[in-house]
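A.B. asks: According to TrEMBL, the protein carries these features:
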TRANSMEM  21-39  transmembrane segment
TRANSMEM  59-79  transmembrane segment
TRANSMEM  526-551  transmembrane segment
TRANSMEM  557-574  transmembrane segment
TRANSMEM  652-672  transmembrane segment
TRANSMEM  684-706  transmembrane segment
TRANSMEM  718-737  transmembrane segment
Amino acid sequence: MEDPLPLHSCHVQKSCMIINRFYIFVHGTALLALLYYRVSSILEIILAESRELPYFVSYLLVFASELVLSFLWFLSISYRWRPVSRSVFPERLPEDQKLPAIDVFICTADPEKEPSVEVMNTVISAMALDYPLDKLHVYLSDDGGSPVTLGALREAWKFARFWLPFCTKYGIKTRCPEAYFSKDDDCDGSLSRSSSIEFIDDKKEIQKQYAVFKERVLRIQENTSTASKDHPPSIELIKDADDDRANQAEMPLLVYVSREKRPSHPHRFKAGALNVLLRVSSMLSNSPYILILDCDMYCNDSSSARQAMCFHLDKTISPKLAYVQFPQKFHNISSEDIYDSQLRLCFSHMWYGADGLKGPTFTGTCFYMKRMALYGTSQLQKDANLAQLQKVFGPSNDFIISIYQKNHTNGREFFSTALKEMDLLASCSYEKDTEWGEEIGFRYLSVVEDFFTSFMLQCKGWTSVYINPPKPSFLGSATTNLSDYLVQHTRWYTGLVDIVLSKYSPLIYGAPRMSSILQCMYISHIAYYFLNFFPLWCLAIIPQLCLLQGIPLYPEISNPFFLVFVFVFLSSNLKDIQEVLADGFSIRPWIYDQRMWMIRSVGCYIYSFLNAIQVKIGMRKASFKPTNKVADEGQFKRYLSGIYDFQASTMFIAPICTLVILNVTSLLLGAVKIVVTGNYDEMFIQAFISFFIVALQYPVIEAMFFRKDSGRISESSATLSALLAAIILVIGSLLFMY
Ligand SMILES: O=c1ccn([C@@H]2O[C@H](COP(=O)(O)OP(=O)(O)O[C@H]3O[C@H](CO)[C@@H](O)[C@H](O)[C@H]3O)[C@@H](O)[C@H]2O)c(=O)[nH]1
Ligand SMILES: [Mn+2]
């Protein structure tokens, strides 16, 4: 028999790969020369009789900074080595009856930070995925146990009863109602033109229904109490009041799940919620594949499920394939994107690179997961007896049976009989003394459950793929103000440092278990990225203090090694610039990224490190405060017009302000000193570092001294930072005098 046509194809990004490898070779050689220069100079200093301690320590700190940066650069080789991109051919999939069922898991936690209208848009867009309706099941996890969310979900169901047929009738592509109506484009929908009069009438009608739906949800939100941390489990099948079975077959299953929460029990944040959904859904639909979505990530292209199946149904790769990751894209990104809210490097470079290895990590949302991958395989040995299985999976026999049952059940009919079991599965004591969160399900060790769980899966030999179709499959809301952005990044990196400080530190735990060393380097590059805080703090203080003292730390212009330093600086920045240009941007995103990298490194990364240490010694508990999804109007306006908004807590603003003030001072005084002494040959690089920092962070200077609007840096933060900078300068100078 002829081989069936392939469902997908994979192309190596050839030109990109050649440029990358050439760069790796050249930049790597230059780095070796630089390190050689440092090591030999250090030996010279040690051998010299008249070495001074402060000078020697400064030299060592600068060298250590260069080592850390080189180490991180070395790890980044992994995702530059073999970038690939993929295409799919969903038209070659088997007919609908042969497609496997899909469960969609959507998590929400707090209706105040996550407005219900937005969450329901995500739910409706998932119900409207282009997939056989009897094979699509949507579960909404409400961690707040809020009547607002439940009430809104009932309204969403009522609206979806009209919305789904409308989408199918006219072949609508954008099936998130809010996105569809705000586009105001009548061309969406393959059938919208041919029957235009009828279409216009129907569209008007459905738009009216949508307005009614929105108003009702807003009213519920106004009148009811919100999130609680102490409530019993509550699981509800959403259906029509008159329970008209015939009609309901035209709708996907929709289930509301609010797991039990008690202040005395750890609830493990999103990972805990997802594990409850895994168990509850196993009683109703037990689909072999699961789409996981954050509450703000609506389905923008209804064909993503079929696209994902092109990989999961490919017999050559599917036995080892754990998930298909789509990029996280956002509907609220401005053309400038000054905070790099879209995580450009991640989704337009790193994930392609990881896909060319053993696959990217999943990012918590927008991925189609194989259920069995989360149940582990070693736990399911054929000879395991019930007692052993209960130790792993918990006391529910029905759940254990579901693991071995491949076909999914008809959830609607089973609902009332399964309700008691589901309450047990959603109770907060269910996981006690089991392997949930350790060996099976989403792992609990870290608040970046996505990164850690996928790392664990990869250590067990699972692979993944990344697909980035031209039309964004999912769209969410990105953080568009500095405050939310910094809080979010601090949470992510705290989670990553937790992993680095545990026995699962990727270089130690991953290296012997992962099948490719490059894959382990890719994981490590993400996990150890927080180390940037060290070189960025050192290089923003030490060369500057030495500049003021007239102590050179870098080769003089006439020294051949001067060129090595210049080359390393230029080549790493030119590579970044080449990447932004290749992505079709101007050079500005490069400047924004550098700026944010510095701000994050001296703020978020060091706090993450300190937080994680506090967690480790028991001084603090892990926390996951959901990101705010309601934008402040003024802040969002400033973001749209490319103006930084520094209304963030002093804790986050002070580090960068302190360093900027320090660099302005050292640049001015240093320049005077160079002019007076004429010693520019030896001091050039140090003066340049100060200049570079000041130029790059000019918006910070502007916001401290020249701006009057509410996005400026508050006087108190600026004063505190000036004081800190003065302290560093005075103490630094005193140390050198000793
Ligand atoms: O106790 C919790 C906390 C959060 N969530 C949900 O988790 C999702 C992600 O939370 P969000 O506040 O949006 O965090 P982000 O930092 O934006 O999320 C990114 O980072 C997380 C890991 O830190 C991943 O889980 C997410 O998928 C990824 O989008 C949201 O739907 C929340 O409702 C819960 O269900 N329970
Ligand atoms: Mn989010």
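Cβ coordinates come from backbone N, Cα and C, glycine included.
Context for these features, please: burial, neighbours, distances.
C.D. replies: Sequence-distant neighbours of the transmembrane segment (526-551) (same chain, 6+ residues past either end, Cβ-Cβ under 8 Å): 55, 58, 61-62, 64-66, 68-69, 71-72, 75, 361, 451, 493, 496-497, 499-500, 505-507, 597-598, 600-602, 605-606, 608-609, 659, 662-663, 666, 669-670, 673, 677, 679, 683, 685-687, 689-690, 693, 728-729, 732-733, 736.
Cβ atoms under 8 Å from those of the transmembrane segment (718-737) belong to residues 54-55, 541, 545, 548-549, 551, 650, 653-654, 657-662, 665-666, 704-705 of the same chain, restricted to positions at least 6 beyond its ends.
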A.B. asks: Quick test of the contact rule: Cβ under 8 Å, at least six residues beyond the ends. What residues does that give for the transmembrane segment (557-574)?
C.D. replies: 23, 26-27, 30-31, 33-34, 37, 73, 590, 594, 680-681, 684-685
A.B. asks: Counting only residues 6+ away from its ends, which parts of the chain sit with a Cβ under 8 Å from the transmembrane segment (21-39)?
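C.D. replies: Long-range Cβ neighbours of the transmembrane segment (21-39): 63, 66-67, 70, 73-74, 77, 80-81, 555, 561, 564-565, 567-568, 571-572, 575.
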